[in-house]
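Worksheet: the structure to be examined is printed underneath.
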Amino acid sequence: MLSSCVRPVPTTVRFVDSLICSSSRSFMDLKALLSSLNDFASLSFAESWDNVGLLVEPSPPHTVNTLFLANDLTEEVMEEGLQKKADLILSYHPPIFRPMKRITWNTWKERLVIQALENRVGIYSPHTAYDAAPQGVNNWLAKGLGACTSRPIHPSKAPNYPTEGNHRVEFNVSHTQALDKVMSAVKGIGDVSVTSFSARFDNEEQTRISLNCTQKALMQVVDFLSQNKQLYQKTEILSLEKPLLLHTGMGRLCTLDESVSLATMIDRIKRHLKLSHIRLALGVGRTLESQVKVVALCAGSGSSILQGVKADLYLTGEMSHHDILDAASQGINVILCEHSNTERGFLSDLRDMLGSHLENKINIILSETDRDPLQVV
C-alpha cells in the first residue's frame with residue numbers, strides 16, 4: 001500500500017515546478033509524443049487481446065517533460081514516479097487490463113488511476129507491441145545468447161494490404177466479347193483497381209483481367225460478372241493476406257554461430273539478466289555438457305509461443321508445469337527466469353533508443369523501485 005504520507009501534488013505546485021524547469025528542459029505535447037512513440041514501435045504490432053496505448057490521459061492540453069519507464073506500475077513505483085515529477089509513465093505491462101466498473105480507493109489498480117489523474121500524469125503501455133518490434137524486448141533477450149541469427153517464431157502481419165482491397169478477382173475476356181464494355185464496367189465500380197494483360201487460353205488469344213477490391217466492391221463485381229455466364233463460370237476469386245514482416249513478431253528462434261554447452265549458455269543468460277539463480281529443466285537424455293545450437297525464446301510467459309517449436313533450449317520467464325514436462329520429454333531443455341526478469345532489463349536499452357528517437361527533447365528516467373515480485377529465499 002502507498003505510504004500515508006504521500007499526498008496528491010496540487011496542480012498549482014506542479015505548474016510552478018514546471019516553470020522552474022522550463023528554462024533548462026524541453027517539453028513535448030502529449031499527442032506529439034504519442035505519435036513519436038508509435039513511430040518507434042507501432043501499436044498495430046500488439047496482439048489483438050492486449051490493452052495497449054494511452055490508458056490514462058490528463059485533461060488536455062498536457063505537456064511532457066519527464067517520461068518515467070517501468071516494467072510494472074505498482075503503487076510503490078507510482079510513488080516514485082510522482083516524487084520524480086513524471087508527466088507520463090510508460091509501463092510495459094498495462095496496469096489496466098480487465099474492464100473497471102468503478103474507480104474507488106478499494107483496489108490498488110483503481111488507486112493508480114486516481115493518483116495519476118489527480119497529479120496529471122498519463123499512463124501509456126506498449127506491452128506486446130514491444131515484444132514484436134524488431135528492436136524490442138525479445139531481440140534484447142536474444143542478445144544474451146551470444147552471436148546468432150534470429151527470426152520471429154510467429155511473424156507479424158503488415159498493418160495494411162499491399163494493394164487496394166483484400167480480394168482479387170481474375171477472369172478472361174475473349175476478343176469476340178466486348179472488352180471495352182467489360183473494362184468500363186469494372187472500372188466504374190468504386191474501390192477497385194484493374195490491370196489487364198494478354199494470355200493464351202484454349203489456343204485462343206484472350207485478355208486476362210485482374211482486379212483487387214474491397215469486400216463491399218466484391219459483391220458489385222460478382223453481380224456484374226454473374227450477368228455473363230461465360231465470364232462468370234471461369235472467374236477466380238482469391239482472398240488476399242496481409243504480407244508477413246520478416247523481422248517483426250512474437251518470440252525468436254535463434255541459431256547460434258557456434259554451439260556451446262548448456263552450462264555455458266546458463267552462465268551467459270545469468271550474466272545478461274543479472275541473475276544469480278535461474279530454474280532449469282533438463283531435457284530427457286540431456287546434461288549440462290549437452291550442446292546448444294538452437295534456442296527458442298519468448299520474454300514473459302512463453303508457453304503458447306514456444307509450444308511445438310523444435311529447439312535445443314526454451315528460454316522464457318514462466319511456463320506451466322505440464323508444458324515443461326512436454327518439452328523435456330522431447331529432449332528440450334527449459335530455462336525459466338521469472339516473468340518480468342526476462343523483460344525489465346530491456347528498459348535500459350529503451351531509454352537510450354527513445355532518447356535518440358525523440359532527439360533528447362524530454363527527460364527519460366528508469367524506475368529504481370520496479371522489480372519482479374518473486375524472490376529466491
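The backbone N, Cα and C atoms fix where each Cβ goes, and this holds for glycine too.
Those TrEMBL annotations? Automatic predictions, nothing curated.
Note on ASP131 (divalent metal cation binding site): other Cβ atoms within 10 Å of its Cβ, all shown chains, come to 30. Taken from TrEMBL, the feature divalent metal cation binding site applies to HIS93, ASP131, HIS339, GLU343.
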Would you list, in sequence order, the residues of this chain other than HIS93, ASP131, HIS339, GLU343 that have their CB within 8 A of the centroid of the site's CB atoms, where the site is the one recorded for divalent metal cation?
ASN71, TYR92, HIS127, VAL137, ALA299, GLY300, SER301, GLY317, SER340, THR342
Return the residue, from the listed binding-site residues HIS93, HIS339, with the maximum count of other C-beta atoms within 10 angstroms of its C-beta.
HIS339
Would you mind listing, in sequence order, the residues at least six apart from GLU343 (divalent metal cation binding site) in the same chain with a Cβ closer than 8 Å to its Cβ?
ASN71, TYR92, VAL137, ALA299, GLY300, GLY317
